[in-house]
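Reviewing the structure listed below.
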Amino acid sequence: NGRISIAYSSHRLSLPPSQNPLEEKVRGRDLCCTDLFCCVIFVIVILGYIALGTVAWLQGDPRKVIYPTDSYGQFCGQKGTPNAKKSTLFYFNILKCANPAVLINLQCPTTQMCVSKCPDKFSTYTDVQLQYQITAAPWDYYRQFCKPGFNNPTKPVAQVLRDEDCPSMIVPSRPFLQRCFPDFITLNGTLTVAKRTHFKDALDKARSVTELRDAANGITGLVDAKEVGMKIVEDYAASWNWILIGLVIALVVSLIFILLLRFTAGLLLWFTIIAVILVIAYGIWHCYLEFSLLRQQPGADVTIVDIGFQTDVMVYLQLSQTWLIFLIALGTIEASILIILIFLRRRVRVAIALLREGSKAVSYIMSTLFYPIITFLLLAICSSYFAVTSVFLASSGDAIYKVMAAEPNCMYANKTCNPETFNKTNVSKACPGAQCMFAFYGGETPYHRYLFILQLSNLLIFLWLVNFTIALGQCTLAGAFASYYWARRKPQDIPPCPLFSSFSRAIRYHTGSLAFGALILAMVQMARIILEYLDSKLKGANNVAARFVFCCLKCCFWCLERFVKFMNRNAYIMIAIYGKGFCMSARDAFCLLMRNVVRVAVLDRVTDFLLFLGKVLIAGSVGVIAFFFLTHKIPIFQEEVPTLHYYWVPLLTVIFGSYLIAHGFFSVYAMCVDTLFLCFCEDLERNDGSSEKPFLMSAGLHSILRKIDHH
């Protein structure tokens, strides 16, 4: 009851129990639940999170986020409703959307209705009323943008506009985000709508295109962004199968790289270093060549700022400044790598030898290479639950209607109203032209009043769960690799299924400790998110002192987050070895690292640097193949290449995905090296190499890490 088979049994080792911390732990001397209070709190929070998601699911309605809502609280384009074929929202007077009330009510103070299509011509209600005496065709077109059921073109214009039965004018528009926005067109450098810069509305009031542009601020940029987004989606649809093939190639290359490390670690890592240096050197030469050629061409000296944002990447490649930026960046990277190799060449050799020893541990416990898949699945579940809960929380509440007054001095403006009884009240008499229109979704219950707090709680718990998932993976891998280290005869004394045994121990005994460390990190990350949000709000302000303070706070919390991550990682290793609580494990890990600070400097940075070069080589190699394929430079696959708007969309996806795949495999190596290092330091302090207290490290590892002391 409570026994776990790990590392090796006591009869295989003629060593005192005190020499082997894992054996002490398994025998039950220290095997107990750690940080039980945190474990209980963590379980309660998870149950509360499930309850929060359930309540949000019952209260929320994603349709409120997916579909736009008209002035009567009805969804546009929803199947099974009168608006099923009317998927676009039309604003009667979009000029009112520039009103500051929009920021208060999150709703434009004008009548909004669902239409099947946006207007494609310019017209005013006065013109249509005059033309109706001759022909009914203009009115038949115009009334589709009036309130449903209104068919009285002879009603006085003043009354129509007061009651907002029809818009005072319609302008050529096009749908964006399921809403009709003016179709701005630039003619000879002048912004126009329907080839006009000025026009008059139904009240004969002069209007300008600038007013429309201000009301739909930034709409032209958004429309361009939408077009780019649609093209990107089309590119993904046309090339998804080739993207998957590229990622599979990255997976195979990563596995081959890992297997080769077991037998040719030194040769492979030196090849990686040299290959990266040569590839960057070629990039420097190519950038300099392009820069020299473009500098002699007229018009190529235009700066990137001058041309602004362009959806066609090739435009930037025609500028000499672009290649100069590439040249400087690659030159800086190349110089940094060479400086590291020159001044840390001995430590690089030691780090390579340490990675070779780590590859032996990985080869004996090959199942660890596939544990990142479990971490990925758990993170995907957490992310999906967080996203769904956020959407349902954001769409919680009932439709709230408020008085939208036509006059600025109306005492009932922004007051809550009921559209069914609004006409029976005195509001219309006190404020002529006032209407009861949909404003937003909300409520007066405690649940609705604290929705913002619930959203923050949703974010904090999400960060907690994500960090717990990562901590569980680190502790599991550390326990598996520790069982390799403390086995005297390798691989005979390594227990069966060491990864599963380590995972079981972490879940059964150390959930509280892992949750404690994850909570500390989640709170630091939450503070950083809040600081980023506040800083974004201050970007438009001219308060230099406040911006400086926020910049300092962001820097401090970034450093704090890095430190907490480093300490948590080593604390989880000590938890996997000794089975103590988080605070005690973090203290022991910190003291142990400080007593071996020189060795830490070699391990923590140089090995990470070598593994990073391996990731870059794998991602870069697959990226080069994808580039030649997508640019029709591989003769065999000329006909198979899909037609794309932007070839860089699948290219960047393949490169980024390949890097993530390589990172998943190499993160196992990094955890292996860190665990072996801490076990080595602990072994040196517990044992002295004598026959009574022999070292449990391998002879190769002993000789490797002794070199660090001499270097």
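Quick reminder: no glycine exception, Cβ is built from N, Cα and C everywhere.
Note that TrEMBL annotation is computational and uncurated.
Taken from TrEMBL, the feature transmembrane segment covers 36-58, 240-260, 267-285, 323-344, 364-388, 461-486, 507-531, 543-560, 609-630, 651-671.
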Contact set, same chain, for the transmembrane segment (651-671): CB under 8 Å, 6 or more residues outside the stretch: 236, 243, 246-247, 249-251, 254-255, 257-258, 261, 355, 358-359, 362, 368-369, 371-373, 376, 474, 477-478, 481, 607-608, 611, 614-616, 618-620, 622-623, 626-627, 630
Winner by Cβ pairs under 8 Å against the transmembrane segment (507-531), considering only 240-260, 267-285, 323-344, 461-486, 543-560: 461-486
Positions on the same chain near the transmembrane segment (364-388), where near means CB under 8 A and six or more residues out: 53, 255, 258, 458-459, 462, 465-466, 469-470, 472-473, 476-477, 480-481, 484, 490-491, 494, 497-499, 664-665, 667-668, 672
Cβ contacts the transmembrane segment (36-58)/the transmembrane segment (461-486), at least three under 8 Å, sequence gap 6 or more: yes
Sequence-remote partners of the transmembrane segment (609-630) [C-beta within less than 8 Å, at least six residues beyond its ends]: 239, 242, 246, 249-250, 253-254, 257, 269, 272-273, 275-276, 279, 340, 348, 351-352, 355, 637, 641, 644, 647, 650-651, 654-656, 658-659, 661-663, 666, 669-670
Outside the transmembrane segment (461-486), six or more residues from its ends: residues with CB under 8 Å to it: 6-8, 20-23, 42, 45-46, 49, 361, 364-365, 368, 371-372, 374-375, 378-379, 382-383, 385-386, 494-495, 498-499, 501-503, 505-507, 510, 514-515, 517-519, 521-522, 525-526, 568-569, 572-573, 575-577, 668, 671-672, 674-676, 679-680, 683, 696-697
